[in-house]
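K.L.:
My questions all concern the structure below.
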Amino acid sequence: MLKCIAAVGTVVWMTMFLFLYSQLSNNQSGGDSIRAWRQTKEAIDKLQEQNEDLKSILEKERQERNDQHKKIMEQSHQLPPNPENPSLPKPEPVKEIISKPSILGPVQQEVQKRMLDDRIREMFYLLHSQTIENSTKILLETQMISLMGLSAQLEKLEGSEEERFKQRTAITQRIFKSIEKLQNPKACSEAKTLVCNLDKECGFGCQLHHVTYCAITAFATQRMMVLKRDGSSWKYSSHGWTSVFKKLSKCSFDEAVGNTEAKPFAEPSPARVVSLGIVDSLITKPTFLPQAVPEQLLESLTSLHSHPPAFFVGTFISYLMRFNSATQEKLDKALKSIPLDKGPIVGLQIRRTDKVGTEAAFHALKEYMEWTEIWFKVEEKRQGKPLERRIFIASDDPTVVPEAKNDYPNYEVYGSTEIAKTAQLNNRYTDASLMGVITDIYILSKVNYLVCTFSSQVCRMGYELRQPSGADDGSKFHSLDDIYYFGGQQAHEVIVIEDHIAQNNKEIDLKVGDKVGIAGNHWNGYSKGTNRQTYKEGVFPSYKVVNDWRKFKFEALLD
């Protein structure tokens, strides 16, 4: 792995120097040359900082391996005893060391590998956003794509993904079993219960995220969750929750609640039955809200998955969206129309109706396709062979699929204009629309990569639903706007790992160890946030921080 990281570092240096040279060469006037030189000097300084970090990582890992090798050699008696301390106890046999490896090493390796991937991506975003000569930009981006493909191969070369897949699957099953035990008590009428109202005034993705909030709250407070009147009164379907999903519990609403008056949720609460309002109305946010991760799983998930909070939320959504047999049959039929077995497919979720212009900006198909093509080029480098271009489009605009087929003839385009029609505002709250949005989310969770806007709840659901599958899909997306979030979540914070001195009045200073409340990634090498120590808000280089995942001890989690 050291050789691979060193090779990646070398390519990064070569690419950046080519970029710097091109910047100087393309600025001829005196004023432009001075500005270019200043920009170049700043870039060189940043590059030197990154190089020192890379050298530090390499040296640290090299030292750890040397220490481990020395210890093994000593334990196997291949090194003479220390004459200055002959009273040292007899060392344990080598097999004891090998059978009890420290968890710290693998965790550090996984974290460092992801840090490397993140830095490469952020550097690509920086290059991609530059206004430089087109031929130079193409050359630089081609080299960066090659670099990302090389980095993606590290996982395959290490040869341990199969074991990590099993471990992630085991964690999913552990959470599932814990939810099932809490949801199915021995005595329904005696169980502590949380009542959730399904009909929040919003769309399907928003409603399912509300039920997810209810489920996580119930799990954190060790209560069974039931839908009010079993979800029989649902704006999306006159047939209720069970028209598409399985029951959430063996206990019905009448069995669990009956004539008991549900008290407003509070924690702690002595009431057996409580009713939960919407997350938007909270004044004080409980510490168990997303993006909190179970304290008992944080170390394992940090090693095994690139986005532990999305994994945890996704497991709850997977439990909630357990389809009944009729729905599963329809989904299986829809999935068969998408040739997933023929090669990779990128899923595009394109929102065009109610939220555009209010919650989200309009994004043309060209923007989605630009990042789709970049992913295919990286994947070709990773696999070492050319790939057929295939996309699946989920949209509330029936004109998008024909537009893609017309404008991108080198792509095989899949998607339903009929489903898009049911997503129109005048058709939205119908059984056909419900089945359509479920189908889109389900297929989006099965594709190889997502390009969408995370301001869309449907997009985030497709991303969340794919996380507990066993694979590490935490970074297999590109959002055209927001970073991942859960509506009503606790503040998303990051920790500074490299000092930063503001270069202009838009940037903020950072010191190692500072906490920053993250507001978003600008996808140009910079993120925006508020330094919790200085209370200054502004932008900073994204690579200088890492996520500081929140943790909460979920007592309901089984051992």
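Cβ from N, Cα, C; glycine included.
As the structure is a computational prediction, the values presented were derived from the model and not from experiment.
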K.L.:
Of the candidates C196, C202, C206, which does Swiss-Prot name as forming a disulfide with C214?
P.N.:
C196
K.L.:
Determine, on the basis of Swiss-Prot, the cysteine among C188, C202, C206 paired with C251 in a disulphide.
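P.N.:
Swiss-Prot lists the disulfide between C251 and C188.
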K.L.:
Within 10 Å of the Cβ of N134 (N-linked glycosylation site), how many other Cβ atoms can be counted across all chains shown?
P.N.:
8
